[in-house]
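One structure is given below, encoded as structure tokens.
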Amino acid sequence: MKALSKLKAEEGIWMTDVPVPELGHNDLLIKIRKTAICGTDVHIYNWDEWSQKTIPVPMVVGHEYVGEVVGIGQEVKGFKIGDRVSGEGHITCGHCRNCRGGRTHLCRNTIGVGVNRPGCFAEYLVIPAFNAFKIPDNISDDLASIFDPFGNAVHTALSFDLVGEDVLVSGAGPIGIMAAAVAKHVGARNVVITDVNEYRLELARKMGVTRAVNVAKENLNDVMAELGMTEGFDVGLEMSGAPPAFRTMLDTMNHGGRIAMLGIPPSDMSIDWTKVIFKGLFIKGIYGREMFETWYKMAALIQSGLDLSPIITHRFSIDDFQKGFDAMRSGQSGKVILSWD
């Protein structure tokens with residue numbers, strides 16, 4: 001079968017032929033329809049320091065997808081041939097304390113699809129049936145293919161009660177924009193998103209944020225005054241991993257504010273911890289999606305009218321995958337979809 005693989009320890013992704021993966025007793029065989037390119041895939045393409053430490057070569061990459069069930073392991077129940085599915089890209093052990101306690105997303109033995117085991121940038125994918133999620137008929141293939149990153153946004157945004165709150169989102173990448181859209185959809189008062197990339201800030205405006213602020217040109221305190229905010233933000237969603245953005249967030253949070261952090265800052269990032277302490281801030285780290293509550297909320301948010309369509313900006317055939325990666329690497333894109341049909 002055709003697959004996009006990391007074949008060499010250098011920049012790039014290559015189209016290759018690999019065997020169709022073997023179906024285990026508890027697995028589903030999925031024929032891939034559409035995949036989306038993640039920032040993680042771009043890191044792997046660029047062969048940065050993280051990738052060099054993490055990715056075995058060769059490796060079929062990719063973990064954002066939608067497809068059709070074409071094979072079912074003999075122990076599997078609840079699925080049938082033809083079911084349209086996406087799936088959780090974190091394969092968990094099932095036997096650690098967190099897994100057994102119902103906190104599966106905190107499994108210490110997590111294996112990543114397209115990172116530690118073969119991924120979805122291929123004609124077929126095998127995953128445990130436990131990880132598959134049936135897609136409702138009224139959700140399109142395009143939207144289903146981005147459920148993985150949408151789940152990061154939903155998990156981050158819904159970490160705290162947002163109704164009537166003022167929310168600051170730092171980082172207008174696709175996940176940050178989707179998190180801002182979720183916050184607005186569920187009843188936040190003001191949702192302000194910050195970045196320095198004007199293309200992505202314009203995408204955020206299309207998604208209905210209260211204000212999209214280019215912090216290279218505008219002062220955030222002036223924006224807060226314009227919105228009538230006198231006490232700071234109630235909730236912060238840190239999606240950028242940029243130290244200056246996080247420091248600004250700490251400066252502008254209200255006392256007792258709550259911060260969810262998905263962005264990964266450099267290990268040597270320094271902050272003024274007195275602001276965390278004396279403001280009584282609560283900071284929560286976010287990794288992946290809650291299994292599977294986040295997935296049900298994703299489907300329900302779309303079914304209740306949340307429109308994510310503006311975030312998908314580019315669509316290519318899999319044979320034009322290089323154009324897709326070029327678009328993602330340019331920084332002038334939202335989500336990029338690759339069609340395998």
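Placement of Cβ uses the backbone N, Cα and C atoms for every residue, glycine included.
As annotated by Swiss-Prot, active site, charge relay system applies to Thr40, His43. The Zn(2+) 1 binding site annotation in Swiss-Prot covers Cys38, His63, Glu64. Summarising the annotation, Swiss-Prot assigns Zn(2+) 2 binding site to Cys93, Cys96, Cys99, Cys107. Marked as NAD(+) binding site by Swiss-Prot on the basis of sequence analysis: Ile175, Asp195, Arg200, Leu262, Gly263, Ile264, Ile286, Tyr287.
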Across the binding-site residues (Cys38, Cys96), the Cβ with the fewest other Cβ atoms inside 10 Å is that of Cys96
Same-chain residues at least 6 positions away from Cys93 (Zn(2+) 2 binding site) with a Cβ under 8 Å from its Cβ, in sequence order, are Cys99, Cys107, Arg108, Asn109, Thr110
Expressed in Å to no decimal places, the gap between the Cα atoms of His43 (active site, charge relay system) and Ile264 (NAD(+) binding site) is 13
The number of other Cβ atoms within 10 Å of the Cβ of His43 (active site, charge relay system), counted over all protein chains shown, is 16
Apart from the site residues Cys93, Cys96, Cys99, Cys107, the 8 Å Cβ neighbourhood of the Zn(2+) 2 centroid comprises Thr92, Gly94, His95, Arg97, Asn98, Arg100, Thr104, Arg108, Asn109, Thr110
Gly263 (NAD(+) binding site) and Thr40 (active site, charge relay system), compared by Cα position, are separated in whole Å by 12
In the three-state DSSP scheme, Asp195 (NAD(+) binding site) belongs to strand
Nearest by Cα to Ile175 (NAD(+) binding site), of the recorded positions Cys38, Thr40, His63, Glu64, Cys96, is Cys38
One of the recorded positions Cys38, Thr40, His63, Glu64, Cys96 has its Cα closest to the Cα of Arg200 (NAD(+) binding site), namely Cys38
Other than Cys38, His63, Glu64, the chain contributes near Zn(2+) 1 (Cβ within 8 Å of their centroid) the residues Thr35, Ala36, Ile37, Thr40, Asp41, Gly62, Tyr65, Gly89, Gly114, Gly119, Cys120, Asp148, Pro149
Listed in sequence order, the residues of the same chain lying six or more positions from Thr40 (active site, charge relay system) whose CB sits under 8 Å from its CB are His63, Gly114, Val115
Counting other C-beta atoms within 10 angstroms, the emptiest spot among the binding-site residues Leu262, Ile286 is Ile286
Cα nearest Glu64 (Zn(2+) 1 binding site) among binding-site residues (Asp195, Ile286, Tyr287) -> Tyr287
